[in-house]
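Report on the following structure.
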Amino acid sequence: MALNVVILAAGKGTRMRSDLPKVLHPIAHKSMVQHVIDTAHSIGSDAIQLVYGYGADKLKSTLGEQKLNWILQAEQLGTGHAVAQAIPNIDDNDTVLILYGDVPLIQASTLEALLAARPEYGVAILTVNLANPMGYGRIVREQGKVVGIVEQKDANPEQLAINEVNTGIMAVPGNALKTWLDRLSNNNAQGEYYLTDIIAMAHADGVEINTAQPQSAIEVEGANNRVQLAQLERAYQAREAEKLMIAGANLRDPSRIDIRGEVTVGMDVMIDVNVIFEGKVVIGNNVTIGAGAIIIDTEIADNAEIKPYSIIEGAKLGVAASAGPFARLRPGAELMQDAHIGNFVEMKKAVLGVGSKAGHLAYLGDAQIGAGVNIGAGTITCNYDGANKHLTVIEDNVFVGSDTQLVAPVTIGKGATLGAGSTITRDVGEDELVITRVKQKHLTGWQRPVKIKK
């Protein structure tokens with residue numbers, strides 16, 4: 001029995017006041033619908049039907065080449081009509097799981113519980129109890145059993161008092177779904193084909209209907225405007241921050257951290273305020289991350305430190321390495337064990353060897369730097385000739401004086417010393433001292449010009 005997921009994503013989202021389709025608005029730098037797609041994949045879906053309408057080109061360009069079946073709903077005539085568009089891709093023996101592209105926080109564990117609750121030949125619906133159920137369809141029960149769902153606009157006063165509401169998420173057998181959708185009517189206050197009407201049909205047909213509930217109501221909340229979108233963003237961030245703390249991280253203020261990807265932490269990690277994580281970030285034990293740091297697709301080993309306001313992207317930090325404050329590691333940068341870069345140092349496609357240091361004001365690009373090297377302030381690897389990038393090699397125990405330019409391709413041998421202010425254009429041998437700056441002159445009796453009075 002295959003798991004066939006139908007994701008409804010056809011709405012325009014007028015209240016968003018945006019040209020972007022509603023489901024493409026982001027939570028943690030990922031579209032709402034992508035969150036739903038990822039969750040569907042995580043529970044082992046065999047097929048995903050994406051029912052779309054408004055903004056087709058933007059949807060397809062954003063979601064790209066994913067394992068999706070694209071189903072056009074040319075007219076938006078209700079949720080039942082939307083699901084009906086996917087019927088040609090649904091087999092009788094499928095379990096059909098219906099999800100919503102603007103409900104991004106639904107958890108895999110909740111969907112697994114819903115699927116487990118579905119009887120072999122029956123239906124399972126996800127419900128939630130709300131203190132204020134205004135706007136939601138009410139779950140109607142008789143002697144504890146679900147007999148139907150009534151929408152807010154069609155409910156009588158007794159039904160409006162019900163606190164258990166429909167989330168719209170349900171698991172239905174494929175053959176029964178086809179039968180019930182064929183029987184839908186739009187004879188209601190909205191003039192739409194309600195998917196929820198199939199629950200009353202199931203009851204009338206003697207089909208068993210079970211329910212499940214999410215751990216938190218926030219899982220099933222959607223976003224119809226930017227205020228609600230921001231609320232979902234905060235809820236998502238709170239959930240991700242909690243995961244980090246449970247895994248072993250101390251967050252200075254859990255409400256002031258942004259997680260926009262997958263972050264793995266070791267034990268005794270200290271994270272200060274206003275840190276942003278993007279992409280895949282792996283953090284070892286006893287790592288310290290200072291305030292305002294931005295860390296993207298990076299691996300950080302045990303005992304490393306990222307000081308405040310550093311930007312680290314596509315980089316690796318070895319054991320006890322440190323960067324910052326105000327440092328920048330660009331893709332391909334690596335700090336080996338005990339290596340250090342300080343304020344206003346930038347590295348790209350460069351390796352700084354074990355125990356080597358670049359304390360301040362340097363650019364190290366396309367460089368292989370050995371162990372025990374000192375990079376003076378103002379050092380620049382001149383790696384670009386206007387057309388191609390070239391490699392600078394600095395071997396172990398080299399001392400590079402301040403304000404030195406190394407014009408690549410160039411190799412500096414072990415133990416060499418480069419005098420401050422030098423421009424190095426040729427290879428330097430081991431243990432050599434190289435000074436290329438102009439010889440200092442002393443002009444005695446020099447008369448400094450004075451300002452002419454007007």
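Positions of Cβ are set from backbone N, Cα and C atoms, glycine also.
Summarising the annotation, Swiss-Prot assigns region 'Pyrophosphorylase' to 1-226.
A sphere of 10 angstroms centred on the C-beta of GLY78 (UDP-N-acetyl-alpha-D-glucosamine binding site) encloses 21 other C-beta atoms. Annotation source Swiss-Prot lists UDP-N-acetyl-alpha-D-glucosamine binding site at 8-11, LYS22, GLN73, 78-79, 100-102, GLY137, GLU151, ASN166, ASN224, ARG330, LYS348, TYR363, ASN374.
Among the features that Swiss-Prot reports, Mg(2+) binding site is placed at ASP102, ASN224, with the record citing sequence analysis. All protein chains shown were included, and the count of other CB atoms within 10 Å of the CB of ASN224 (Mg(2+) binding site) stands at 16.
Mapped onto DSSP classes, the region 'Linker' (227-247) shows 21 helix, 0 strand, 0 coil. As annotated by Swiss-Prot, region 'Linker' applies to 227-247, with the evidence given as sequence analysis.
Looking only at the region 'N-acetyltransferase' (248-454), the predicted model's pLDDT averages out at 98. Per Swiss-Prot, region 'N-acetyltransferase' is recorded for 248-454.
Counting every protein chain shown, the Cβ of HIS360 (active site, proton acceptor) has 18 other Cβ atoms within 10 Å. Feature annotation from Swiss-Prot assigns active site, proton acceptor to HIS360; the stated evidence is sequence analysis.
Other Cβ atoms within 10 Å of the Cβ of SER402 (acetyl-CoA binding site), summed over all protein chains shown, number 18. Under the three-state DSSP scheme, SER402 (acetyl-CoA binding site) falls in the coil class. What Swiss-Prot lists as acetyl-CoA binding site is ALA377, ASN383, TYR384, SER402, ALA420, ARG437.
Nearest neighbour of ASN224 (Mg(2+) binding site) by Cα distance, taken over the recorded positions GLU151, HIS360, ASN374, ARG437: GLU151.
Maximum intra-site Cα distance, acetyl-CoA binding residues ALA377, ASN383, TYR384, SER402, ALA420, ARG437: 22 Å. Here the binding-site residues are ASP102, GLU151, and the one with the most other Cβ atoms within 10 Å of its Cβ is ASP102.
Taking only the Cα positions, the spacing between ARG437 (acetyl-CoA binding site) and ASN374 (UDP-N-acetyl-alpha-D-glucosamine binding site) is 19 angstrom. Taking the Cα atom of each, ALA420 (acetyl-CoA binding site) and HIS360 (active site, proton acceptor) are about 15 angstrom apart.
Within 10 Å of the Cα of ASN374 (UDP-N-acetyl-alpha-D-glucosamine binding site), not one of the recorded positions from the list ASP102, HIS360, ASN383, TYR384 places its own Cα.
According to DSSP, ARG437 (acetyl-CoA binding site) is assigned to coil rather than to any helix or strand. When the C-alpha distances from TYR384 (acetyl-CoA binding site) to the binding-site residues LEU8, GLY78, GLY101, GLU151 are tabulated, the minimum falls on GLY101.
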